[in-house]
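Engineer: From Swiss-Prot, for reference:
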BINDING   D51, D53, S55, Y57, E59, E62  Ca(2+) 1 binding site
BINDING   D90, D92, D94, K96, E101  Ca(2+) 2 binding site
DOMAIN    38-73  domain 'EF-hand 1'
DOMAIN    77-108  domain 'EF-hand 2'
Amino acid sequence: AITDILSAKDIEAALSSVKAAESFNYKTFFTKCGLAGKPTDQVKKVFDILDQDKSGYIEEDELQLFLKNFCSSARSLSNAETKAFLFAGDSDGDGKIGVDEFQALVRS
């Protein structure tokens, strides 16, 4: 579970910072939830949780539900938020985020 890696308190703080529509900022979220400071292996574990279909990539539909991985009652990201998140993370332009791209995004 994601709470094995990140504290429930930090997750709650991160989620409350993005409650409002169109308020999602991945840099702020990764910092507030504590993921930005985690070692590579723990970031990889979070990637594996986000990669719901185990394809080795986080695709757009998985990104849209990103917040729900942290708390099932969290909102879905809007189309604009999802596209901006994907654009920020997809450095090779293949339309999805691989594990190395995710590591770079978390640390950006």
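Just so you know, glycine gets a Cβ as well, placed from its N, Cα and C.
Let's see these features in context: how buried, what's close, how far.
Structural biologist: Secondary structure at D53 (Ca(2+) 1 binding site), taken from DSSP and collapsed to helix, strand or coil, is coil. Neighbour density for D53 (Ca(2+) 1 binding site): within 10 A of its CB lie 10 other CB atoms from the protein chains shown.
Shown in sequence order, G98, E101 are the residues of the chain, 6+ apart in sequence, with a C-beta less than 8 angstroms from the C-beta of D92 (Ca(2+) 2 binding site). Under the DSSP three-state reduction, D92 (Ca(2+) 2 binding site) is assigned to coil, being neither helix nor strand.
Cβ atoms under 8 Å from those of the domain 'EF-hand 1' (38-73) belong to residues 1-2, 4-6, 11-12, 14-15, 18, 24, 79, 82-83, 85-86, 89, 95-99, 102-103, 106 of the same chain, restricted to positions at least 6 beyond its ends.
Packing against the domain 'EF-hand 2' (77-108) from elsewhere in the chain are residues 21-22, 24, 26-27, 30, 35-36, 38, 40, 43-44, 47, 50, 55-60, 63-67: each is 6 or more residues past its ends and has a CB under 8 Å from a CB in it.
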Engineer: Among the binding-site residues E59, E62, which residue has the fewest other Cβ atoms within 10 Å of its own Cβ?
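Structural biologist: Comparing Cβ neighbours within 10 Å for the binding-site residues E59, E62, E59 has the fewest.
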Engineer: Select the most exposed residue of D51, D90, D94, E101, where exposure means the fewest other Cβ atoms within 10 Å, treating these as the binding-site residues.
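Structural biologist: Candidates: the binding-site residues D51, D90, D94, E101. Fewest Cβ atoms within 10 Å: D94.
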Engineer: To test your reading of the Ca(2+) 1 site: which residues beyond D51, D53, S55, Y57, E59, E62, same chain only, put their Cβ within 8 Å of the Cβ centroid of those residues?
Structural biologist: L50, Q52, K54, G56, I58, K96
Engineer: What is the separation, in Å, between the Cα atoms of D90 (Ca(2+) 2 binding site) and E59 (Ca(2+) 1 binding site)?
Structural biologist: 10
Engineer: Take the mean position of the Cβ atoms of D90, D92, D94, K96, E101, the recorded Ca(2+) 2 site. Which other residues of that chain put their Cβ within 8 Å of it?
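Structural biologist: Result: Y57, G89, S91, G93, G95, I97, G98.
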